[in-house]
């Protein structure tokens with residue numbers, strides 16, 4: 001009797017082992033098949049090369065920026081930038097913009113989605129640029145939206161914008177970190193991060209952004225394409241819709257669209273403060289450029305404003321610093 005019981009136990013153990021091996025093999029086979037399918041899909045993903053402007057990326061299979069944005073259109077968008085009263089005459093030009101864009105088009109900058117989305121993103125990015133470098137005002141010739149790229153730096157900085165508590169990018173003696181560029185960069189830590197991003201020593205040489213238009217555009221594009229923090233979207237991702245908001249984002253009224261790009265770039269200095277002029281001016285530039293590009297402001301997308309959005313990164317600075325930042329973001 002004991003022998004029979006023992007034999008049954010042995011047979012049962014063998015059966016369980018066989019089943020476990022079979023199941024394990026099946027799981028391994030499924031995992032192997034899944035990995036193989038993923039690698040096959042990756043290998044089959046089309047990669048395109050279009051010369052100097054866009055190469056080695058799936059995004060290069062779409063139209064590139066020069067396919068739909070020409071010199072005359074750049075001139076239309078920034079019609080007043082070289083008038084005698086402008087403050088950066090002869091600095092900004094189409095070639096500098098395209099040269100800078102070529103570094104980011106393989107990452108999807110204005111090469112994501114169909115042609116309409118590509119043109120919308122172009123107008124969205126340039127809407128920020130135009131608003132932040134404008135010297136237009138209500139009664140200015142051509143209207144306030146015609147004066148983008150009037151500045152390339154802050155005209156009367158009242159400080160050097162050196163935060164000595166930020167040790168990763170310590171201030172360099174003699175350097176001043178006031179606002180410069182197409183989307184103005186302020187503070188030593190922002191110059192340091194942007195410099196790492198575009199591989200230029202902006203921490204030691206912040207003046208590069210008011211001396212070289214290509215670098216000024218590059219720094220702005222890097223900021224557009226790069227999340228402020230891990231786990232957050234870039235302005236590019238928020239605009240083209242590849243960002244999927246979390247439940248907390250939804251509760252905070254942060255949704256994909258132009259409004260979220262303002263939240264990412266300017267935070268509480270612009271967003272969550274109602275329909276303030278500083279926010280409305282940026283939207284106006286975006287929609288004006290959509291009209292000029294033939295897309296039309298009716299295609300400016302959902303969630304255009306950030307009036308009621310909670311900021312992604314609430315400031316921990318003092319009240320005085322917050323006020324300074326809000327003044328910087330409200331004008332050049």
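Using N, Cα and C of the backbone, Cβ positions are placed for all residues, glycine too.
Heads up, TrEMBL stuff is auto-annotated, nobody curated it.
Region 'Disordered' is the annotation TrEMBL gives to one range among 269-300, 301-332, and that range is 301-332. Around residue 171 (disulfide bond), a 10 Å sphere centred on its CB holds 20 further CB atoms from the protein chains shown.
Fewest Cβ neighbours within 10 Å among the disulfide-bonded residues 162, 271, 306: this applies to 162. Across the residues of the domain 'Glycoside hydrolase family 19 catalytic' (73-306), the predicted structure has a mean pLDDT of 96.
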